[in-house]
Every structure is written in C-alpha cells, then in structure tokens.
C-alpha cells in the first residue's frame, strides 16, 4: 500500500451531511442543532497553505505552502512548527504505509510537475518521477493541485490547476505504486467527465470508500461520484452542494461521513 491513514479503524457507512439529490440552487441552510467554532492555533503566514493532514503516528498536523515551497509540521503536544524548504512546489501529498523510523519524513509527493516518493526531511528522492503522460503540458503556471488517497490506500487521486490560462482545461489523475519494480505510474482517472476543469479541489472519500467527492472550484459546486475501490473507476456524477457565496476549496470526510469544507472568500467575493 502506498498510503495509510485510511484504514486505521473500521469506519461506519456513509451518513453524509450533504444530500445526494441533484440540486441547481445554492445552499442557504444554517445548522440549528450542531455548530463549531474555529480557533487560531498557529499564525503561519503561508502564501498558499494546502493539503492539511493529521499524522497520528506523530500527533501532528502537516501541510504544504505551495507558493512558499515549504513542507510544514505542527506538533499538537507543544504547538511547535517545523518548516522544511523544498526545491519546487509541493501541491499535495500522502502518507506512506511502510514509513519506519528511518523514513518518517517520506511521502508520496504531488509536485507541480508530477508524482514522486520523496524524503522531505532529508531532502532526498526515494523513487523516480511517476511514469505516465505529462500532467502539465503547458508548463508553468499550470500545476497539480488538490489530491487525496482513496480508502484502499492503493491510489492517490489528484487533479490540476489551470494557471489562470483562459480556455485551458486540466485532468484528474490516479497514481499507483508497483511494488515489483518499485515504480510509480499514473493515468487519467476513468469516469470523471469534466471537460472544463480549471481548479481541482475537495478530493475526499466516504468512509466506506464508495463515494468520491470532488469540485471544480470556479463552478462553486461539490460533486459526488460513485467510486469503485476495486479498480478506481468513477461513475454516476451527482451535484450535492452549491455555494451561493464563496468558492468550495479543500474538504475532508470525518468518521461519521460528514463533509467539512473550507469555503474560500465566503462573504468576501465580489460578484460571487
């Protein structure tokens, strides 16, 4: 398995906070029984902080600052932050299941231009770049963007950012590791029909692994796809939530199947 953190405990069947019925109207509902309050725990000053994950082996929060070219770790025991400089933009990453004591700084990295197993702490590659088609045929400023491991731990799903190039459409890829030849490979994710894809975000999976959530952020809609864990294919695209104000950015699904979404520019986006 490439990544872990997906099968640490048995998770219940999906009970999503979002309806799976298609809707063309934006959501204006407000929770009446449950609410949460955000609390600042670290003023990082990142340029573009993304891919926030929890590493239970270290009890720390880890994330990337894409444009700042850093990998960051926040220890929840001490609130100390460790920052590691990178040689290029790290857009997303996944934990490794075989990360022993000697390689606890190693991750599956979705760089700006492709996928690679990399030891971030020691600044050393573990594998060659993934074999497959060019993920950014136009070069910079296009790049990979949001990505997440599926619940099997076998595939890393990641899409791109169109670089503000008008008319440019990106793809969604799935990256896998071949243990026999110790090589990563990637291909276009089957079943994601989105010819106008500009900014991939909200990639996450239901607890049972059979639904993949996904958004093309400028469209202000989060979609759900039926996802086959056996072969990594998608089907039955449905619109599950539409934002009135702001843009759906990163998402995660908790153990009860509830989706948590960061809405970028909520209340501050002129014309949205």
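Glycine is treated like the rest: Cβ placed from N, Cα and C.
Per TrEMBL, the features are as follows:
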{"type": "DOMAIN", "residues": "48-267", "note": "domain 'SMP-30/Gluconolactonase/LRE-like region'"}
{"type": "BINDING", "residues": "50, 201, 249", "note": "divalent metal cation binding site"}
{"type": "BINDING", "residues": "143, 145, 164", "note": "substrate binding site"}
{"type": "ACT_SITE", "residues": "249", "note": "active site, proton donor/acceptor"}
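Everything TrEMBL records as a feature, shown here on the structure.
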{"residue": "50", "record": "divalent metal cation binding site", "DSSP class": "strand"}
{"residue": "143", "record": "substrate binding site", "DSSP class": "strand"}
{"residue": "164", "record": "substrate binding site", "DSSP class": "coil"}
{"residue": "201", "record": "divalent metal cation binding site", "DSSP class": "strand"}
{"residue": "249", "record": "divalent metal cation binding site", "DSSP class": "strand"}
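Cα spacing between residue 143 (substrate binding site) and residue 249 (divalent metal cation binding site): 16 Å, rounded to the nearest whole number. Sequence-distant neighbours of residue 249 (divalent metal cation binding site) (same chain, 6+ apart, CB under 8 A from its CB) are 201, 202, 217, 261, 262, 263, 264.
Cα of residue 164 (substrate binding site) to Cα of residue 50 (divalent metal cation binding site): a span of 18 Å. The average pLDDT computed over the domain 'SMP-30/Gluconolactonase/LRE-like region' (48-267) stands at 93. Figure note: comparing Cβ neighbours within 10 Å for the binding-site residues 50, 164, the maximum is reached by 50. Here the binding residues for substrate are 143, 145, 164. Their largest Cα to Cα distance works out to 13 Å.
Apart from 50, 201, 249, the divalent metal cation site neighbourhood in this chain, defined by C-beta within 8 angstroms of the site C-beta centre, holds 145, 146, 199, 202, 217, 250, 262, 264. Separating the Cα atoms of residue 145 (substrate binding site) and residue 50 (divalent metal cation binding site) is a whole-number distance of 9 Å. Other than the site residues 143, 145, 164, same-chain residues with C-beta atoms no more than 8 angstroms from the centre of those residues' C-beta atoms, the substrate site, are 141, 142, 144, 160, 161, 162, 163, 170, 199.
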